[in-house]
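Let me begin by presenting the structure, written as structure tokens, before commenting on it.
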Amino acid sequence: MEHEKDPGWQYLRRTREQVLEDQSKPYDSKKNVWIPDPEEGYLAGEITATKGDQVTIVTARGNEVTLKKELVQEMNPPKFEKTEDMSNLSFLNDASVLHNLRSRYAAMLIYTYSGLFCVVINPYKRLPIYTDSCARMFMGKRKTEMPPHLFAVSDEAYRNMLQDHENQSMLITGESGAGKTENTKKVICYFAAVGASQQEGGAEVDPNKKKVTLEDQIVQTNPVLEAFGNAKTVRNNNSSRFGKFIRIHFNKHGRLASCDIEHYLLEKSRVIRQAPGERCYHIFYQIYSDFRPELKKELLLDLPIKDYWFVAQAELIIDGIDDVEEFQLTDEAFDILNFSAVEKQDCYRLMSAHMHMGNMKFKQRPREEQAEPDGTDEAEKASNMYGIGCEEFLKALTKPRVKVGTEWVSKGQNCEQVNWAVGAMAKGLYSRVFNWLVKKCNLTLDQKGIDRDYFIGVLDIAGFEIFDFNSFEQLWINFVNEKLQQFFNHHMFVLEQEEYAREGIQWVFIDFGLDLQACIELIEKPLGIISMLDEECIVPKATDLTLASKLVDQHLGKHPNFEKPKPPKGKQGEAHFAMRHYAGTVRYNCLNWLEKNKDPLNDTVVSAMKQSKGNDLLVEIWQDYTTQEEAAAKAKEGGGGGKKKGKSGSFMTVSMLYRESLNNLMTMLNKTHPHFIRCIIPNEKKQSGMIDAALVLNQLTCNGVLEGIRICRKGFPNRTLHPDFVQRYAILAAKEAKSDDDKKKCAEAIMSKLVNDGSLSEEMFRIGLTKVFFKAGVLAHLEDIRDEKLATILTGFQSQIRWHLGLKDRKRRMEQRAGLLIVQRNVRSWCTLRTWEWFKLYGKVKPMLKAGKEAEELEKINDKVKALEDSLAKEEKLRKELEESSAKLVEEKTSLFTNLESTKTQLSDAEERLAKLEAQQKDASKQLSELNDQLADNEDRTADVQRAKKKIEAEVEALKKQIQDLEMSLRKAESEKQSKDHQIRSLQDEMQQQDEAIAKLNKEKKHQEEINRKLMEDLQSEEDKGNHQNKVKAKLEQTLDDLEDSLEREKRARADLDKQKRKVEGELKIAQENIDESGRQRHDLENNLKKKESELHSVSSRLEDEQALVSKLQRQIKDGQSRISELEEELENERQSRSKADRAKSDLQRELEELGEKLDEQGGATAAQVEVNKKREAELAKLRRDLEEANMNHENQLGGLRKKHTDAVAELTDQLDQLNKAKAKVEKDKAQAVRDAEDLAAQLDQETSGKLNNEKLAKQFELQLTELQSKADEQSRQLQDFTSLKGRLHSENGDLVRQLEDAESQVNQLTRLKSQLTSQLEEARRTADEEARERQTVAAQAKNYQHEAEQLQESLEEEIEGKNEILRQLSKANADIQQWKARFEGEGLLKADELEDAKRRQAQKINELQEALDAANSKNASLEKTKSRLVGDLDDAQVDVERANGVASALEKKQKGFDKIIDEWRKKTDDLAAELDGAQRDLRNTSTDLFKAKNAQEELAEVVEGLRRENKSLSQEIKDLTDQLGEGGRSVHEMQKIIRRLEIEKEELQHALDEAEAALEAEESKVLRAQVEVSQIRSEIEKRIQEKEEEFENTRKNHARALESMQASLETEAKGKAELLRIKKKLEGDINELEIALDHANKANADAQKNLKRYQEQVRELQLQVEEEQRNGADTREQFFNAEKRATLLQSEKEELLVANEAAERARKQAEYEAADARDQANEANAQVSSLTSAKRKLEGEIQAIHADLDETLNEYKAAEERSKKAIADATRLAEELRQEQEHSQHVDRLRKGLEQQLKEIQVRLDEAEAAALKGGKKVIAKLEQRVRELESELDGEQRRFQDANKNLGRADRRVRELQFQVDEDKKNFERLQDLIDKLQQKLKTQKKQVEEAEELANLNLQKYKQLTHQLEDAEERADQAENSLSKMRSKSRASASVAPGLQSSASAAVIRSPSRARASDF
């Protein structure tokens, strides 16, 4: 591997030799064990003897030890030596984990996986594993492909971010000194490199300067932050004394976008105080280094650094760290981060001022409480650096201004106070400088112009700290680590086991003892450490000791994590308390905690610094701080400054700020997918290679490493979904994989077979509801089994292929053998005959015989005539078929007209139904008014309720007496009060969020109170009564609270008293709830009264607008009808004009059906076919040009021969022979051209038929568009009906409200009525939303139809061009015929007797051909007319589409109006809910009169019974009214039947998709193989193309050589020409013949050159053809993308149809109010859906073609996988929330049941305790009443939370169902993908065939080229012979008359010799 050459590879993975060496160690699983050792942790040993539970072991050191068996731990086999993932260990125990880490650390393999996280051990030295080459090794690799490394985890986070579209976080945790900071820097560098943005174009920069990129700036933040935030501690030389969360933002393509930093818990105290062995922050020592010697002078640092107290209290240098080099890096980082020189200098000046300020000294004035400066040198230097006056600075420190009353005075400070003020200012100043640095870095890293879609957060925060002296800072650092550890535990352990519970597998919940909630609550909960610290900060005269004593009193002995500190040992400081953290027990000292928490600052000093003139940075950092004087001035001016001191409130402690930032951090982490890096300290000595076993084991335990591995081993870490499992492992059990449609059952069958075969055991796996779970390593075992099975199958497959190839090779060899035998026989015969004289004579005579050649030519002409006759017969047949199809179209048109007529009748029926609905609505209004009258009769019953209140009040008085008797017993439970109070406070904290919501509702209530003021005047009398009831209720609530408190304390001691109390409290609670509910509902209805009246007017006005819109739509319908009549007339005209095109149409229909069946295989071949047609047309054009050139050449030759005929008969005979041969060649070329023309004509016919089919589809789309438009109109009318119905219902509601002013007893019935109205409103809103979606669907379809119309227009234009091209070809063919006719006539002059008959026959056939051509031309003309008509139809269709678009836009505007109405109703509903809540709170205060009714209990019972009877009677009346209104509901069943039919038709539409999805499950296993085959095929094609290119290159070279030879021959010809000219001068009589001969030779040479160029052009065209084949693949992929988009549109259309179906079901409920209308609408919907169904069936071919688009579907599959993962994560999170809500609701139920039981039990005891209760005093009664009120409020809060919990539970359930549905959809998409892959394989095969055909075509062209080359050589030889004959003729020109026969014989001999040579060469 290339990786192994990297120098860092040896520190990442062992070599094979090392692995073999480690695995060859001796091992016995029964004897080799680990035993505990106090020094090494564990030692290896071997068992020698066993006796009972004792074993004797010989250690590796040779010692013999006897131990108990339980202390011995198993040893893993050598196979797992130095394993990279410790979860793979067979024996998982502490000893094995420690040994694995120790052995890897000894080999400097510092990274090791531990289950799901990574463990890294600090190597304490530099390793070459973080170089750029190492980083590149891990980029884009899976985590399992590479060795453990920080980069592997980082790359996994990066890929998860891009694939899952989820933010990621990397939590690098561990103790201080473990290497967190270094790993953080490496992670940041890696992400900067991966998402590098340097290649992006940016602004022009100076070419002499290096461009600073964003990744450089991100990396350079580390030196700056480390200089100001890192310091040396006892355990770490570069310890981060602050926490940071670095968010690196990326766009959706993974490109680096920006970065920002958030920091936490900066240790400010370090700047003024350092512990022994530690150092202040690095920046101070860097400034004092010699990197910039002049800097110290500028900063006035003239003393040794050891003399500056603030930075020199301990260490000054660090071993191994060069401050000069570090300062250089810091200064350069400032420049890269765009810090200006002034900003840098100001920052350094502030650091220098800090050092100077630490050296300022003060002394106490004698006998005064006033401090004064003891020397001003350092103060002057500090003031100089600050840019302020020295005297002003010192005065502000020693005499700060404070406010006394209303005046500001100077307050004297003693030395201690001044020193405190100096330290506080130093800490505050440094903290603000650090904040400024972080903000400046964030500003620089905030890049503009790149989207920030996702981020990866890297958390580096101070590790857990246990020092000798632990103070306020250590408490917060340890608290943060505690929270992070709990986050890790919850993510790693709880969620894992909850996954098992959700899947329903057999699993016992394991408690791994890592719940850190107790420690966290001890710190942050009420009465916790932080809460008590904040409380002490506001208590006067509070000190650190009072805080410590309160903490001890509150928690010692009561909380398991709070302990008394042990006495200090060694250097340990004194401690006030100890706390047990997850990492150990820490001793804390409370010294200065109050001051650190309050963090006070000297406002006078701050004011002076804000006036600085020499340091702009100082002014900037204090700009947001408001001093007391400034706040007072703003208060006087009305500025509202108050007393804020630069904080977020009037008093914000440091703890509050820390807690807020920590909560934000945890919230952010919970929204990301975490990746954990656990850093381990190997030893305390910072020595490389040494492991401190006890220290490492403690960290492993605290970090949860061992528990993580254990749960990973005990659980099932590997899992896969049922469909995925079945698809991948179906090869192991093919029969079982297809046994059932349920994938879970298939998975169970597969696993059962594997268990029966012995491949697996039942303990290795579990089958859940949706997934199969595996133990660690089982999945790898299954993969091995699968690979073996695949190897077996592939071996058999390969053997079959080899057998088949062998047979083919044998057949080829046999055919080759037969051909060779024939060739050999012919060669032998020729060798025998060539010396035979008769054969020689035959060879000379045969070429002179013309009869045979003429017969062959006549036969060829006869064949052509027959072919033309056949083509005419086919044309006649096509014409007849087109006529038949035209008749069918006429019938279809008539049926469409009948449908339009039915639509008109339906419109009139709809108007009648509207009138009926209005009448029904009036009747309903009357019935509701009667109900209102009945409700008004119940007003008198309110008085009965008041009497019931008095009776309950008497019972409360009895309870008071019993309470006095219980006082003595309650005192005994006083010791339990504190714990109960703690619980109450915790509940109060939980209720704070509810209180905030209540506060918001109160604000809304105030707004509503202004509106309801008039109504409240009418209710003033009721409010007076309510006030009186409030007073009584307050007393009773206090009583109940006291009862609750007393019963809580008495619960353990006296159970009998608890039971009595529960009974009483339950009864009181029930009565109170009844009163509260009645009051709330009464007030709610009163408030709604006014609103409903105003809303009624607005709804009525909207109804009028909608009616106007209905009339407008009716007018549009009439216009559409007139347009339909016009279209009918046009269609009638079109029917007459299409009679001649019927034949082509039937052919096209048949081809369309065939194409519909084959579209899955051909995919996007249409575009490729168009390209092939274009290529063939180009080839045909070239052939035509060649033919024309050949004709011209031959005509020239014939002209020359005619001139020579009179002068030299022999020369003419020779030329005629040559012309005959050339003519034969041209005849062949012409025949080929004619065949190509016929093919093109056939293609033209096909394209014409396709065009006609497309026109038919366009007409169908127009019909569909009109149908959809009518459907949209009908839906608009429905929406109007719904709106009018809604208005009427609202008016009815207003009438009801006016009748219910004082009807409190009937609130429940009115509430139900209100809920019905709300549900109707929701139904109307949902219906409107569905209408909007349908309109959007219509608009999308219209756009699609318009796009298809444009495509049809383009195809029509192409067809017209093709027709014109064919016409040109026919004209050229006609011209060729005329030329041949003239030529034959000329040749007939030579032999008139022999050729006269043939000429007559040819003339007759030519006339017949001419007639056929005329007929074809007339047919083309008719087709052209048809095309023109179709073009007009297409334009009309486009106009209709535009009109439909306009209608759709109008519908969209209408929908927006409806949406606004719905939004108004939604707002009003929210207002009503707010009013209801406000009324509930008001009416709680009006129910206190309940307990005055002492003597009315029996009357109350009677009244309640009467109310119940009345309620029953009213319910019965409402039921009767509902039955009356529902008389129209009988048609619902008819609607359901219609809807079922519609659903069946939609199922037919989805049939093709379902088949593809079913086939996908069985074919998914072919995906990987298909991809491999595709890559192989591509590589083979590329190789073959490369070979062809080489062949073509060789051919070009050969052509070049041939060209050179031709040029040489041309030169020789030129020489010959010169010689002939000289001869011409000598032979003046023969000059004309010589010129003609020379011209002929020149033309022959030119022809040869032309032929050569033409052949070269053909070779180039062949090469272009091969390149075009390559481009075809790219075009096909683009077609895949386009088709996939269309598939997405169709899918959305499918989903919208499903939504429409659901809308139809919801419309059934609405049909109760409009039964008659629903029946007609259902009929209309049936007609519309049937038309849509027919349209969808016609589009099935297009849908099937879309299935072949693979590449985009692969992207969809990946996206589906990502959504599936995200959905699973969401489901997991929702399940967690669901569990929490369930637990909370169960807890509330238990509390409620307990309270009810207590009230029931205490009722029995109250009577007995009545007499004793009188002995108590008024104070106890008041206390108990107060307690009753508190408990009642808590009870109300618990009820609200219980209701909220139920709501959240329902929402979570819905979310889980939605996610499950999404997962199912993703599965279906994946199944559909497999079908597409198979189709792509078929397409690849066709492309292979096309490539082979191209190769064959190239070979044929090469052969043709060779033949033409031979012919050219023959022509040159004949030219030579012609020149010889001419020379002979010139020599004998003056001879006697007998010379002519001599010339003739010599010419004949030449003619005989030339063909002989030609034939010999051809033979």
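These residue numbers are counts, starting from 1, taken along the chain as shown.
Just so you know, glycine gets a Cβ as well, placed from its N, Cα and C.
Copied from Swiss-Prot, the annotated features are:
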- 28-77: domain 'Myosin N-terminal SH3-like' (DOMAIN)
- 81-787: domain 'Myosin motor' (DOMAIN)
- K125: N6,N6,N6-trimethyllysine (MOD_RES)
- G174, E175, S176, G177, A178, G179, K180, T181: ATP binding site (BINDING)
- 662-684: region 'Actin-binding' (REGION)
- 766-780: region 'Actin-binding' (REGION)
- 848-1963: coiled coil (COILED)
- 970-988: compositional bias 'Basic and acidic residues' (COMPBIAS)
- 970-990: region 'Disordered' (REGION)
- 1125-1146: region 'Disordered' (REGION)
- 1133-1146: compositional bias 'Basic and acidic residues' (COMPBIAS)
- 1162-1963: region 'Light meromyosin (LMM)' (REGION)
- 1162-1173: region 'Hinge' (REGION)
- 1317-1336: region 'Disordered' (REGION)
- 1322-1336: compositional bias 'Basic and acidic residues' (COMPBIAS)
- 1912-1963: region 'Disordered' (REGION)
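Distribution of Swiss-Prot features across the structure.
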residue : record                   : DSSP class
K125    : N6,N6,N6-trimethyllysine : coil
G174    : ATP binding site         : strand
G179    : ATP binding site         : coil
Worksheet item: Measuring Cα to Cα, how many angstrom lie between A178 (ATP binding site) and K125 (N6,N6,N6-trimethyllysine)?
Response: 13
Worksheet item: Which Cβ among the recorded positions (K125, K180) has the fewest C-beta neighbours inside 10 Å?
Response: K125
Fill in: Cβ-centroid neighbourhood (8 Å) of the ATP site, G174, E175, S176, G177, A178, G179, K180, T181 excluded
N122, N236, S239, G463, C679, I681
Practice prompt. Check each residue in the chain of S176 (ATP binding site) that is at least six apart in sequence and keep those whose C-beta is under 8 Å from its C-beta; list them in sequence order.
Written response: T233, R235, N236, S239, A462, G463, F464, E465
Worksheet entry | Model confidence over the domain 'Myosin motor' (81-787), averaged pLDDT | 86
Worksheet entry | Helix, strand and coil counts within the region 'Actin-binding' (766-780) (DSSP) | 3 helix, 6 strand, 6 coil
Worksheet item: Nearest to the residue listed as 'N6,N6,N6-trimethyllysine' by Cα distance: which of the binding-site residues E175, G179, K180, T181 is it?
Response: G179
Fill in: Secondary structure composition of the domain 'Myosin N-terminal SH3-like' (28-77) [DSSP: H/G/I, E/B, coil]
3 helix, 30 strand, 17 coil
Worksheet item: Sequence gap of 6 or more, C-beta under 8 Å: which same-chain residues meet both conditions with respect to E175 (ATP binding site)?
Response: R235, G463, F464, E465, A583, C679, I681, Q699
Discussion item. With Cβ-Cβ distance below 8 Å and at least 6 positions apart along the chain, what are the contacts of G179 (ATP binding site)? List them in sequence order.
Written reply: V120, N122, C679
Item to complete: Enumerate same-chain residues with a sequence separation of six or more from G174 (ATP binding site) and a Cβ-Cβ distance below 8 A; give 'none' if the list is empty.
Response: K180, G463, R678, C679, I680, I681, Q699, N703
Practice prompt. Taking the Cβ of G177 (ATP binding site) as the reference point, list residues of the same chain whose Cβ is under 8 angstroms away and which are at least six residues distant in sequence.
Written response: N122, T233, R235, N236, S239, G463, I681, K686
Worksheet item: Near A178 (ATP binding site), how many other Cβ atoms are within 10 Å of its Cβ?
Response: 26
